[in-house]
Every structure is written in structure tokens, then in C-alpha cells.
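Swiss-Prot has this to say about the protein:
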type: CARBOHYD; residues: N37; note: N-linked glycosylation site
type: CARBOHYD; residues: N63; note: N-linked glycosylation site
type: CARBOHYD; residues: N86; note: N-linked glycosylation site
type: CARBOHYD; residues: N118; note: N-linked glycosylation site
type: CARBOHYD; residues: N146; note: N-linked glycosylation site
type: CARBOHYD; residues: N165; note: N-linked glycosylation site
type: CARBOHYD; residues: N178; note: N-linked glycosylation site
type: CARBOHYD; residues: N194; note: N-linked glycosylation site
type: SIGNAL; residues: 1-22; note: signal peptide
Amino acid sequence: MKFIYSIFIIIQIIFFINLINGQIVRGPDLQLGYVENGTMLLGSPNVVNIGDQNFMNTKDLSNSSWTDHRYNRYDWSFIRFHIRNNQSGFEATADFHPRVDEFSTIKFSANGLIQYLNETNKNRNVFKNREVEGYTVWAEIPYSKNVTSFTSRLVDVPCQETLTNGSVVVSTDKACQNVTDITTATYQKVENYNSTVLEPIILPPKHIFEFSTRTFVSYFTIIFQLDNGAIVDAVWDGDRDTSICKNCDSCIDNQCATKFDDMRCDEGVGCQLKFFLAWAGVDKSGKNCVSLNKIPSKFQKYSATAIKNMGTGLVSDFFYKINDNNNNPNTA
């Protein structure tokens, strides 16, 4: 009996140690990604302005280094974030190196904006309201994707055709009736065709604030798509599944938003604009990606927390509690 009791105590100790070092208590560690905190402050005058030059515009997409590179799980990749204010003209970038198939979290400080939104005098400055609402975010990944365009055109077709078996077929089209020489007559028909070209992977801009509904997108989720280790696409989760917004206070460009007044932020820390990164598909070694199961829209299925309130900045929010890693290129 004492032996069984001892085994039970040992199992409890092991469970407790794993829990303390696990995601729920300490937050995701290296195996679940790394938070890049404080890289950029929204509205900060000290961030380099890159103008309207997109990163991928400088890359030769025919170069195989941008199209043929393949990743295994835990390899370092690259993504560049852009934040722009369409009213003030402020623009900045931040680079991040997420590890393949890790659920990664990136935070940008938005304290000043959130404090402004929570001012008691809600309409003190119309231009300031528009300036805050003018913030947009987008992202670039230094790889290309195949984009197929479907279109149609009018083509001339002979009214009379000779088939391979020697038989002659005459079209019943109106243009082929009452013609002088059926052998030279033609009619027009619509021909559908498609063409495939390489285009850079650029996620479209999304707004962060909306004053008409007094809502704010507190987090964005990006899904990377792997095909045998090659990054072939990336998409905003809200664009991937538009039903996500049905349980939110509002939808801003298909992204789930919550009301300003409902934002619960850590005292002295404020709210952070967050980007969650996850992976789908198969890596270079043929392993299926599993980090997709950790995104908020998936997690919502097993949580009592409303999806609109996930990641609002609470101390207990395990999305943030990340351990430092000296070998992480994001800290270099």
C-alpha cells in the first residue's frame, strides 16, 4: 500500500512540475514561439519611415532563393509588418523571425491610442478621431505564390470544320446562316482561359479602429501555408473564415473587434496590439503542422471566454507569458 501511495505522490509531483512549466501557467515557451515586445510604438516619432516602398518590391521573384527554400519544423522564417496612418502619413515597419509550426505572438504597444479612446470626453477632437481610425496594418513574407487569373475573350471560329475522321460539321450559329462561302465564314464565341503568375505574398491592409461602432481589433491572426516545407501562401484568419466575426462586437475588415469600453488592460502596461502566427500544411520532412490548433478561433471551441475578449492584456492571459531565448534572432 505504501508503494502505491509513493507512486501516486511521485506522479503528482511530476504533474505539478509540468504544469508550472507549461503553457497555461507560464505561457508558451520556445516551443510555442517568442514574443517580440517593444519593437515599435504606434505613433512613435523615432521609428524609421520607409515611405511607400514595399519590401517585396525590391526582390527578384525569379530568384530561386525566394521560391524554392523549404523549412522543417522549428526553422526560423521571416515576416515584415507594416503599420501606417492614412491621416498623418506615419509609417513604420518591424521584422520578426517566427519559427516554423510554432504558435508565435508579437506585441506592439498601443497604450497612447487606447488611453485616448477611453477618455471620458469621447468626441473632443474630430480630426484626432479620424487620425486614430486611420491606422492600418499589413504584412509581407519574402516568398512568392502562384496566382491564377480566370478570364475570357472572343475568338473567331470557322463555321465549317473537318473532323479527324473526315466528317464535316457546320455550326448552327446565326452568323453561319445565309453566308456566301461556308468554307471561309466564321463566327465568334467566348473562350475561357486562365493564366498563372508568381506574385509576392502580401497580406492586405486591415484597419485597427472603428469609431462608428467604437470598436478595436485587439489581435490579428496570420496563417502560414506550407507545401512540403515551402511557404506558398499566408492569410488573415478573418479572411480565411468569415464566420469568426459572428460572436464579436463588430467586424473591421473581417477581423473580430471588441468595444473600447470593454477593453481590460494591465495597470501600467496598457493594451498591446497583438499578432498571432500559426502554420498549416506539411513541412520539409513530411510532418503535419499542428500550431493551427492554437489560434483563438480554434481555441474558442474549448473555452468559456468569448473570442472577442481573447488576448485583451490581462495578467492571466497565457498568450503573453513568453520566456526569453538568447539564441532567438528576434532579440538580436
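In case you wondered, yes, glycine gets a Cβ from its N, Cα and C as well.
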Next item on the list: Please compare the glycosylation sites N86, N146, N178 by how many other CB atoms fall within 10 Å of each one's CB, and tell me which has the fewest.
Entry: N178
Notebook entry, point to check: Roughly how many Å separate the Cα of N146 (N-linked glycosylation site) from that of N194 (N-linked glycosylation site), to the nearest whole number?
Noted result: 12
Margin query: If you count other C-beta atoms within 10 angstroms, which of the glycosylation sites N165, N194 is the most crowded?
Written below: N194
Check: Quick one: what's DSSP say for N146 (N-linked glycosylation site), helix, strand or coil?
Finding: strand
Margin query: Measuring Cα to Cα, how many Å separate N86 (N-linked glycosylation site) from N194 (N-linked glycosylation site)?
Written below: 35
Checklist line | N178 (N-linked glycosylation site) and N194 (N-linked glycosylation site), distance between Cα atoms, whole Å | finding: 35
